[in-house]
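J.: In case it helps, Swiss-Prot gives these features for our protein:
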ACT_SITE  E367  active site, nucleophile
CARBOHYD  N89  N-linked glycosylation site
CARBOHYD  N144  N-linked glycosylation site
REGION    45-85  region 'Stem region'
REGION    86-517  region 'Catalytic'
TOPO_DOM  1-23  topological domain 'Cytoplasmic'
TOPO_DOM  45-517  topological domain 'Lumenal'
TRANSMEM  24-44  transmembrane segment
Amino acid sequence: MAIRLNPKVRRFLLDKCRQKRYGFLFLGCIFAILYCMGTWPFFAKDIVHDPNNLPYSLQDYSTDKDEPFFRGCTDTKLYLQNPAYSKMNASFVMLTRNEEIEDVLKTMRSIEGHFNKWFKYPYVFLNDDPFTDHFKDQIQAATNATVEFGTVDEIMWEFPAKVRNSLQFKASLEDQNDRGIMYGNMESYHKMCRFYSGIFYKHPLVSKYEWYWRIEPDVDFFCDISYDPFFEMAKHNKKYGFTVLITELYWTVPNLFRTTKSFIKKTAGLKENLGTLWKLFTFNYNILDTDDEEISRWVNFPWDAKPKLTEKLMVDFLLENHGQVNNEEDLEGIQYLVERARSKVPMLEDSLEGEDYNLCHFWSNFEIARVDLFDNEIYNAYFKFLEESGGFWTERWGDAPIHSIGLGMTLDLEDVHYFRDIGYRHSSLQHCPKNALQSQENLNTFDEGYNFGCGCRCVCPKKGEDIEDHSTPCMDIFFELLHGREYEKEFPGCYKPSIKDKDVIEEIRRENFRVIE
């Protein structure tokens with residue numbers, strides 16, 4: 001069953017106008033929005049739109065590239081007894097502090113009740129200070145699984161001495177605070193982001209495992225997880241799993257993509273071997289297949305092509321007639337010519353080689369992944385390159401966009417799994433799936449089941465929005481890659497133009513034959 005995509009282009013464009021430093025005038029953005037409303041179907045005609053505008057949470061997204069491992073509950077007892085099943089070399093990982101004990105216990109009660117009471121995977125707790133006996137006793141009393149406590153040493157946790165003792169370091173944090181960057185003045189937050197970006201997987205308590213499941217203090221799980229996510233990931237050749245896909249705040253990472261592109265350029269063979277997951281995190285401005293370099297400079301979005309090529313045809317027609325004005329269409333040609341003379345070429349300040357970071361990222365507060373996704377030559381070199389650039393303190397680079405972009409360089413879309421069936425809340429963001437339509441115990445206790453549902457004994461919050469329906473444009477892009485025409489098995493490190501100028505010109509000719517004949 002194909003998902004019916006909901007285009008949210010108008011809202012997305014307004015967000016881009018606010019977040020990005022494009023050299024477009026506001027009226028230009030409004031024009032693009034209005035034009036897009038009328039022309040989007042021409043450029044996205046392969047996509048099936050839902051006439052009822054159903055939210056994603058009421059649809060089935062499954063394709064041969066990704067789908068829930070199970071729809072609804074499986075018999076956990078029989079699952080564990082299956083000879084084909086084997087427990088994986090995996091653990092939970094949490095970075096926390098002694099004073100967060102109550103929030104840690106809240107998370108543990110939730111994950112134990114919904115999953116680990118059956119599977120008993122070990123926990124690894126890390127802290128930049130030693131854990132107290134009180135903390136350890138409370139944690140060990142909350143589970144029958146193995147628990148390990150580790151300290152993050154100074155080399156792993158602290159910025160190099162020459163950095164943290166410099167005036168520039170302190171000035172950078174103060175500047176971020178003055179500009180209202182979220183957590184920008186919190187040195188500990190910068191350290192945490194740096195640690196999770198490229199160091200946590202080297203800690204001896206983590207590196208001995210093949211898989212990890214990152215959890216945080218103060219987390220709620222809303223559904224039972226009646227199967228082993230680690231085992232199913234391995235069985236289905238998945239390497240990274242997520243529940244939330246959202247956009248980053250632009251001013252926390254203004255130079256992250258520029259630095260990443262520099263790394264790609266300096267790493268032999270990397271550009272030619274970028275994974276197809278790269279397309280989930282980047283905008284493509286190489287839209288139009290044309291030999292006209294002047295036109296290509298003006299066309300950066302699908303909705304740019306038709307008006308710019310119409311303008312070109314109008315002007316060409318007028319010039320061929322030596323500027324004679326014989327009718328209303330000729331007058332339009334003159335108006336186009338005047339507008340072109342007055343206009344400036346659109347300036348995309350963050351565009352690099354026709355690409356830009358779209359700010360989408362997997363929310364790394366929840367991630368289930370192979371440890372060697374990060375502990376490998378390419379990713380380690382990437383982290384080192386980022387570290388040397390100083391962005392972890394001159395800006396407020398988060399581990400989530402770094403993980404995502406790093407994985408985009410090496411993984412294909414099929415390597416990633418969306419844990420849609422796992423209900424999850426952390427901070428103000430939450431996702432909770434619809435229950436599957438199947439026999440469930442105590443039906444009055446759990447939410448109603450649906451034929452498109454996949455959750456197992458879910459009890460979703462009555463308040464709050466599901467991030468799946470409101471993460472624009474990230475979920476739109478993800479589902480389109482799973483279903484739409486944009487997906488390419490072979491991705492030679494760069495985008496191919498998706499629109500041929502000849503096709504657009506032919507469309508214009510059919511609509512406006514009097515103007516150009």
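Glycine is treated like the rest: Cβ placed from N, Cα and C.
So that I understand the layout, could you describe where these features sit and how close they are to other parts?
T.: With a cut-off of 8 Å between CB atoms and residues at least 6 apart in sequence, the same chain places W213, R214, Y240, G241, F242, H403 near E367 (active site, nucleophile), listed in sequence order.
In the three-state DSSP scheme, N89 (N-linked glycosylation site) falls into the coil class.
Its Cβ taken as reference, N144 (N-linked glycosylation site) is surrounded by 10 other Cβ atoms within 10 Å in the chains shown. DSSP classifies N144 (N-linked glycosylation site) as coil under the three-state reduction.
A Cβ distance under 8 Å defines the sequence-distant neighbours of the region 'Stem region' (45-85), meaning residues of its chain 6+ beyond its ends; these are 1-7, 118-119, 224, 226-229, 231-232, 236, 413-414, 416-418, 420-421, 433-438, 440, 449-450, 452-457, 466, 468-469, 475, 479-480, 482-485, 487.
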J.: With DSSP assignments reduced to helix, strand and coil, which class does E367 (active site, nucleophile) get?
T.: strand
J.: Expressed to the nearest Å, what is the distance separating N144 (N-linked glycosylation site) and N89 (N-linked glycosylation site) at their Cα atoms?
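T.: Distance (Cα to Cα, whole Å): 17 Å.
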